[in-house]
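Colleague: Could you have a look at this structure, given as structure tokens, before my questions?
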Amino acid sequence: MTNILSPEKSENDQELPIRPSYLQEFVGQQQIKENLSVFIKAAKSRNEHLDHTLFYGPPGLGKTTLAKIISNEIGGNFKSTSGPAILKVADLAAILTNLEKNDVLFIDEIHRLNTAVEEVLYPAMEDFELDIIIGEGSAARSVKITLPKFTLIGATTRLGLLSNPLRDRFGIPMRLNFYNTEELKKVLNRASKLLDIDLTDSGSEEIAKRSRGTPRIALRLLRRIRDFAAVEGKSRVDKEVSDFGLNRLEVDRIGLDSNDYRYLKFIADNYNGGPVGIETIAAALSEQRDALEETIEPYLIQIGLLQRTPRGRVITIAAFEHLKMSVPNQSHHQFNIFNENE
């Protein structure tokens, strides 16, 4: 699923010039920032490595950025990979044996590591040792390699898919939450200065309100609205220009786009609001289940338009109202929603 409101990283998201490098530059996630600052200062004062850290939550909220910030704050090198990229134990061994003291190893989508790789990672995280088998058959022998004290930072959008043994080995688990409008305005204002965009307060607020609580989306929308402003001969991005650009991009007043409407209308039209299983929805919309669960559903749940129940997905009365549709058997629909969540 690719669209302007996808929180997933795109090749067109050129974030390097505006990506913050240190905690004091990072906007939002205040409690996480404050706690990380304490943990980093404490580790440096003891001349120890920072405990392994796990960032989890919806995509586009700053997990990769925070990992790079930690690397900068502790003064180590930053090495980045992803769960799907580590196919074999040998792949992981090659990465680990090239680390130096205080390096940060960032593994994105860490929930997608295979079991064999995970088992090798356990002693590396706990004891900073790598146990590998050299040779085959009767000539095979185990070799133990001592690793430097490094910090592993894992990132996942699917905490429930992370195995318990791996999850328990992270000393610092942190959940990233959606941003509010004021926080997104600060993100946009900071970016507009770095990108030399004349962004007014009203223009910033209009973009922020329609960015699904996600900085990555807000920054992407800012770039596209800048394009509309340039072509329309507008030197300043105010509310009118922002509204014009967002309407052209088919982003409505609460941040929904055509994919969200397809999702909600399918449940409303075909199942009277639900419940309906996610596999049925995915098949009907010709989308992958993961794409729906990671890209569309989190925001719909966050703003109260969707509920997940044991029997399936149910859209709320607020969703019917936003779609300008009548609620079928309203009292019965409300009762079922609450009943399923008991």
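Each residue, glycine too, has its Cβ placed from N, Cα and C.
If you look up Swiss-Prot, you'll see Ile18, Arg19, Gly60, Lys63, Thr64, Thr65, Glu126, Asp127, Phe128, Arg169, Tyr179, Arg216 marked as ATP binding site, on the strength of sequence analysis. As annotated by Swiss-Prot, Mg(2+) binding site applies to Thr64, with the evidence given as sequence analysis. Per Swiss-Prot, DNA binding site is recorded for Arg289, Arg308, Arg313. Swiss-Prot lists 1-179 with the feature region 'Large ATPase domain (RuvB-L)'. The feature region 'Small ATPAse domain (RuvB-S)' is assigned by Swiss-Prot to 180-250, with sequence analysis given as support. The feature region 'Head domain (RuvB-H)' is assigned by Swiss-Prot to 253-342.
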Colleague: Relative to the mean position of the Cβ atoms of Arg289, Arg308, Arg313, the recorded DNA site, which additional same-chain residues have Cβ within 8 Å?
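Modeller: Apart from Arg289, Arg308, Arg313, the close residues are Gly277, Ile278, Ile281, Leu292, Glu293, Glu297, Gly312.
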Colleague: Can you figure out which of Arg289, Arg308, Arg313 (the binding-site residues) comes closest in space to Gly60 (ATP binding site), comparing Cα atoms?
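Modeller: Out of the listed candidates, the nearest Cα belongs to Arg289.
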Colleague: Select one residue from Phe128, Tyr179: among these binding-site residues, choose the one with the most other Cβ atoms within 10 Å of its Cβ.
Modeller: Tyr179
Colleague: What counts of helix, strand and coil residues does DSSP assign across the region 'Head domain (RuvB-H)' (253-342)?
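Modeller: The counts are 53 helix, 9 strand, 28 coil.
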Colleague: Where's the emptiest Cβ shell within 10 Å among the binding-site residues Arg289, Arg308, Arg313?
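Modeller: Taking Arg289, Arg308, Arg313 as the binding-site residues, the minimal 10 Å Cβ count falls on Arg289.
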Colleague: If you run through the region 'Small ATPAse domain (RuvB-S)' (180-250) with DSSP, how many residues end up as helix, strand and coil?
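Modeller: Tallied per class, the region 'Small ATPAse domain (RuvB-S)' (180-250) gives 50 helix, 2 strand, 19 coil.
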Colleague: Would you list, in sequence order, the binding-site residues among Arg289, Arg308, Arg313 whose CA lies within 10 Å of the CA of Glu126 (ATP binding site)?
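Modeller: Qualifying among Arg289, Arg308, Arg313: none.
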Colleague: If one measures from the C-alpha of Tyr179 (ATP binding site) to the C-alpha of Arg308 (DNA binding site), what distance in angstrom results, rounded to a whole number?
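Modeller: The separation of the Cα atoms works out to 22 Å.
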Colleague: Which of the binding-site residues Ile18, Thr64, Phe128 has its Cα closest in space to the Cα of Arg289 (DNA binding site)?
Modeller: Thr64
Colleague: Compute the average pLDDT of the predicted model within the region 'Large ATPase domain (RuvB-L)' (1-179).
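Modeller: When the pLDDT values over the region 'Large ATPase domain (RuvB-L)' (1-179) are averaged, the result is 89.
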Colleague: So how many other Cβ atoms are close to Gly60 (ATP binding site), meaning within 10 Å of its Cβ?
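Modeller: If we count other Cβ atoms within 10 Å of Gly60 (ATP binding site), we arrive at 28.
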